[in-house]
Amino acid sequence: MRPVEVLGKRWAHPIACASGALAAHRPGMENAVLRGAAAIFTKTVTESPREGHPGPVFVDYLDEGYALNAMGLPNPGPDRMVVEIEEFRDEFDVPVYASVAADGPEGFKRLARAFSGVADGLELNVSCPHAGKGYGAELGSDPEAVAEITEAAVRAFDGPVSVKLTPNVDRETLLEVAAAAIDAGAEALTAVNTLGPGLRIDLRTASPVLGAGVGGLSGPALKPIALRVVADLALEFGEEVEIIGVGGIRNGEDVVEFLFAGAKAVQVATAAREKDFGDIAMETSHILKELGYDGPEEAIGAALPEYRERLRRLGWCQ
């Protein structure tokens, strides 16, 4: 499969390791690359180290099509993550993007400065549905807040910035938030974070299964929502920014769907617990060849003309 240019760097293929537990430290990043990831998005880092929510923090209902997680943004803080990235770079020549979260523009600015000259780019996490008051989706549903945060990070960082969007808003708000991020200097949009929060109850204890009570929904059930968000963003902003799709991707067919919807690249999280990134990349390459595409970039947005036409019939699109 042909390499792709994403966020200012050459990726061997369009499939990256999403921000999550696997990319919380150097050994996990190395594991992801050895299993074929073309790029790494680190576990989200906050200004100070966090222990996160009490366990359980992840519950697997993949036999029902989804998983729930409520990590609570556990991380070692920026000083330690900088060391983890630098040690990783000593061994691997693979793009690394730092995922960061704070409770306002000043915090994002400080984090951006901390990773300047270290990470190849930033991903601003303004979309976690269970991070706690003042963080995550609470910020990411407010276009004005997203604009201020993005501008602060862009000014302080020496590379490209992507804003990770929440699916927990209506279509109009989604597009307003995306426009605010782009106007403030974002070069990419990552879509989407987990959906929710959701709840499961243990029948034996009559208590929530997750330690935090509620958590974000990931896995295959998230994919139709993520695809729709990617397609909506591509219709409105595909000429202006790169779009990175994430949510429910398990195999090559899923990747090609996201490419068709307008994503330039994708991230894999939940499925990486059981399947190698390289296997998904190989499947993607075979499917693209079967469909007559020489590479992934030729497939980007293939479904958008018909998607636009069908939205017109609903009165949702010009």
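Positions of Cβ are set from backbone N, Cα and C atoms, glycine also.
The 10 Å shell around the Cβ of CYS128 (active site, nucleophile) contains 27 further Cβ atoms across the protein chains shown. According to Swiss-Prot, the active site, nucleophile annotation covers CYS128.
With a cut-off of 8 Å between CB atoms and residues at least 6 apart in sequence, the same chain places SER19, GLY20, ALA21, ALA23, ALA24, HIS25, PRO74, ASN75, MET81, SER99 near LYS43 (substrate binding site), listed in sequence order. The secondary structure of LYS43 (substrate binding site), as reduced to three states from DSSP, is coil rather than helix or strand. Annotation source Swiss-Prot lists FMN binding site at SER19, LYS43, THR44, ASN125, LYS164, VAL192, GLY219, GLY247, GLY248, ALA269, THR270, citing similarity to another entry.
For LYS43, ASN69, ALA70, MET71, GLY72, LEU73, ASN125, ASN193, THR194, the entry in Swiss-Prot reads substrate binding site. Under the DSSP three-state reduction, ASN125 (substrate binding site) is assigned to strand. A C-beta separation below 8 Å, combined with a sequence spacing of at least six in one chain, links ASN125 (substrate binding site) to SER19, THR44, LEU73, SER99, VAL100, ALA101, ALA131, GLY136, LYS164, ASN193.
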Next item on the list: List which of the recorded positions CYS128, GLY219, THR270 have their Cα within 10 Å of the Cα of THR194 (substrate binding site), in sequence order.
Entry: CYS128, GLY219
Check: Non-local Cβ contacts of GLY248 (FMN binding site) (under 8 Å, 6 or more apart, same chain)?
Finding: SER218, GLY219, PRO220, ALA221, LEU222, LYS223, PRO224, ALA226, ASP254, THR270
Item checked: Chain-internal residues near GLY72 (substrate binding site), provided their CB is under 8 angstroms and they sit 6+ positions away -> ARG50, GLU51, GLY52, HIS53, VAL57, HIS130, ALA131, GLY132, ALA212
Check: In the same chain, outside LYS43, ASN69, ALA70, MET71, GLY72, LEU73, ASN125, ASN193, THR194, whose C-beta lies within 8 angstroms of the Cβ mean position for the substrate site?
Finding: GLY20, THR44, CYS128, HIS130, ALA131, GLY136, GLY216
Check: How many Å lie between the Cα of ALA70 (substrate binding site) and the Cα of CYS128 (active site, nucleophile)?
Finding: 9
